[in-house]
Amino acid sequence: MTADTRPRRKQRHPGLTLALDILNHGGLTIVALVFLFPFFWMVSNAVRGNAEVLAVPPRLLPTEWQWGNFVEAWLHLPFGRFFLNSAIVAGSVTAITIVVSSLAAYAFARLRFPGRDGIFVAYLGTLMIPQVMLVIPLFLIINQLGWVNTYQGMILPMAFSSFGAFLLRQFFLSIPRELEEAALIDGASRLRILISIIIPLSLPAIGLLALFTFIGQWNNFLWPLIVVHGMDYATLPLGLTMFQTEQGTSWNYIMAGAAISMLPGLVLAIVLQQVIYKGIAMGAGFGGR
Amino acid sequence: MTESISTQAAVAPVRRRNRMSAHETRMAFLFLLPSLLGFIAFMLFPIVASLVISFTNWQLISAPSFIGFANYQRLFTLDPAFYTVLGNTLFFTAEYLVLNIIVSLGLAVWISGLKRGQRWFRVIFFLPTFTPSIAASVVWLLIFTPGGFMDLVFQTLSLHVPNLLLDPRLAMQAVIIVTLWANAGYNMVLFNAALDLVPQSYLDAAKIDGANAWDRFWKIRLPLISPTVFFGTVMTAITSLQVFDQIYVITRGGPGSATATLGFAIYQNGFSNYQMGYASALAWVMFLIIMALTALQFWFQRKWVHYDS
């Protein structure tokens, strides 16, 4: 910071500034601890015996730390299987979304063809459609195809995001055309240009689209709830709701499962915090919640 | 950018130009094809199908027959649950939307004033938004459970508040608390990023002119970030009208039907009772409400959103 040479109307005492600073940080720390409490409560209840979870009044810390509960939940409940299903579904949807959106976005951004703007407006127009309205006909389609309880039934209806095409189009438009003109004159194909010029320059936008698509699908609940029956194809969020109704809910295992399901998102949020911050600023997450 | 193309075209004969644009159209079609097929199969067709189904009495097992506006008639005139569900949804959306904006904007402003540690507070408040809403709901269900941690807090503070999940008047508050915890961090980051872009020189100038922090917020920072706040408000309104996950896990619409929202009612009618026609009619009512509310917000923005010219 450069020294401020302009006259200040009111000069604060340095001690007062320090006191305000401490008050600010102290207040925010308290709010932050309240925000973090559910995470603490989850872990603290995951590693105690089930009887102790329901003790009244509840104890803050377990009398005995049973870290083995995580192994138990992973192997027997079986959150390991749910984790795998979540990874397969979220990973596939993300991969398809990236490929399909990049191709479509290039057509919207760079190629001239009849009906381009009309199709693009139709894409934009569907962004407000509530998911719960789509799932009824989607279920009837998937049911007709015999895809209930299959990976393709879980993946394909979620993999064609008009938002992805929109986001990448906006980014592609910001790339100077001159960069691809030389390649065009040399006779390079459009696909070649997309792969070797446009995509390398768009990695930040593509990475953000991948991140938010993956997290969105990892956390998705409504569609798996409708298209999956039984445990074999259940994802983590669906698996978490399966032990609620059983007699004598095993709260400690459910808390362990909740922690397992939260782990990838928490790691990504911490490691990629600067990327996410910039991405939300440019509208990559689409949306408010 | 179009200059070089037009100079090229001027040199080339017209026929070649036509061939080139036909080639370009063909290429565009190929590039767009996968996306377009998916869009038609999983978006356009379902939207049309949903509208058609809403005029039938389809129940999955029996063949559907066309019944005109009977589903909509039943909604508005016969089904006593509909107005409860509609009221619950609007109540949730109104209270949640206001609290979300207050909490997220408040935290964003508070954090933006820090010289150190801004990044870490931001990431802490953002963390819940990257967790599955179902996992968050399960954890909060344990916190709210009768005799659980929330009751302990009320007791310790000598507040005579009944258990939130057992009281029909308070159950929605539990849903709102969970939703706030899980989602307010998103708008907080959005607003924080916008605040970072407000030029420091504006604020310094106002300070010299004697504006206090309160005035600087209402007269400089808020107007400057108002397009972002507007965007966040519109998006949050659209998603909160659809609230479902938290309710499915925490209250199942109860006690009674105190927390049954439109999203929950659509799911129940469609996938518990298999009344696809009636559920689709409900879904269209939700969609129309979303559009109406969004239009209203766009109309209302003229009064408070400032765009740079």
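A Cβ is built for glycine as well, from the same backbone N, Cα and C atoms used for every other residue.
Sequence annotations record features per position, and here TrEMBL assigns domain 'ABC transmembrane type-1' to B:86-297. Residues or ranges marked as transmembrane segment in TrEMBL: B:27-55, B:90-111, B:123-150, B:170-191, B:224-244, B:281-300.
Put simply, of B:27-55, B:90-111, B:170-191, B:281-300, the stretch with the most CB pairs closer than 8 A to the transmembrane segment (B:224-244) is B:90-111. The stretches the transmembrane segment (B:170-191) and the transmembrane segment (B:281-300) are not in mutual contact, being linked by fewer than three Cβ pairs under 8 Å (pairs 6 or more apart in sequence).
With a threshold of 8 Å between CB atoms, the same-chain residues lying at least 6 positions outside the transmembrane segment (B:90-111) that come near it are 118, 121-122, 125, 172, 175-176, 179-180, 183-192, 195, 217, 221, 229, 232-233, 236-237, 240-241, 243, 259, 261, 293. Cβ atoms under 8 Å from those of the transmembrane segment (B:27-55) belong to residues 64, 66-69, 71-72, 276-277, 280-281, 283-284 of the same chain, restricted to positions at least 6 beyond its ends.
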